[in-house]
Amino acid sequence: MEVNGNRFNYELKIVSPSSPLLVFHHGGGHSLHSFTLLVDKLNYNTLTFDCRQHGQTETTNDADLSLETLTDDLVSLIQKLEYKELVLIGHSMGAPVVISAVPRLKKVVGVIVLDVVEGTAIESLGMMMSILMRRPKSFKSEQDAIEWSFKNGGKNLESLKISVPGQLRKVNEKYYWRTDLESSKSRLIAGWFENMSEKFLACKCAKLLVLAGADRLDKPLMIGQMQGKFQLIIIPESGHLIQEDVPEKLAVIIDEFYKRNQPLDISKIRKPLH
């Protein structure tokens with residue numbers, strides 16, 4: 001899809017003109033294929049895409065991973081499509097992007113955040129960069145990369161076989177990471193996660209936070225949860241890649257979330273006979 005001179009790789013699934021459009025934004029280093037198994041289990045219209053410097057997307061400035069630019073990209077993509085209602089879903093780095101997009105879009109029924117909280121995200125930046133620096137720079141084959149990912153946090157081998165190739169690029173018979181996350185530290189600190197909790201709570205739509213661990217809410221979210229401002233679901237058996245580790249369970253959660261919060265269709269209300 002061409003947007004502002006950039007070519008975004010995307011997959012659009014249409015099941016019904018009456019279905020809402022579920023839009024997914026992947027996390028740092030991943031691609032649209034992180035949601036492949038999940039989307040297959042959802043009976044809704046869906047849009048997945050590779051954000052800039054990820055997957056097969058090509059832009060005029062791949063180095064710009066600022067929150068403002070990523071949000072502009074997402075909003076521009078959605079505005080090129082027709083839709084009845086929107087549900088925005090963001091995993092990890094994708095969460096602040098979808099949250100920032102909510103006020104700029106029409107007919108947003110809900111926003112779903114997958115396994116990221118502002119406080120712990122900012123606190124763990126140093127550890128994350130240390131992990132990134134220790135990962136292999138290249139692999140001899142895609143299979144080697146898949147096996148490494150499975151041994152280092154991945155829980156669903158079936159999903160990794162689909163998602164990992166989309167994170168790589170082949171150069172001179174070796175496979176390298178498509179995204180240079182190591183050089184993104186300054187941009188991460190500059191704005192990806194700052195004020196994310198307050199922005200999430202301020203969204204004027206239904207809100208759902210899905211976490212893989214119970215002890216990760218920061219203070220604004222703890223207060224917001226006690227006030228009933230959003231729904232919280234914890235999946236302790238999952239790792240960070242919730243959409244890949246437990247796609248069936250997450251599909252049910254998303255389905256129930258939309259059905260609980262979908263706008264009332266007045267045309268289907270039976271009128272009393274007089």
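Any Cβ shown, glycine's included, is placed from N, Cα and C.
Remember, TrEMBL labels are computer predictions, not curated facts.
Small disclaimer: the values here were computed from a predicted structure and weren't measured.
According to TrEMBL, the feature domain 'AB hydrolase-1' maps to 22-251.
The annotation active site is assigned in TrEMBL to S92 (among others). The Cβ of S92 (active site) has 23 other Cβ atoms within 10 Å, all protein chains considered.
Residues or ranges marked as active site by TrEMBL: D115 (among others). For D115 (active site), the number of other Cβ atoms no farther than 10 Å from its own Cβ, over all displayed protein chains, is 23.
There are 18 other Cβ atoms within 10 Å of the Cβ belonging to H240 (active site). Look at TrEMBL and you will find H240 (among others) tagged as active site.
In this structure, the CA atom of H240 (active site) is 6 Å away from the CA atom of D115 (active site). D115 (active site) and S92 (active site) have their C-alpha atoms 6 Å apart, to the nearest angstrom.
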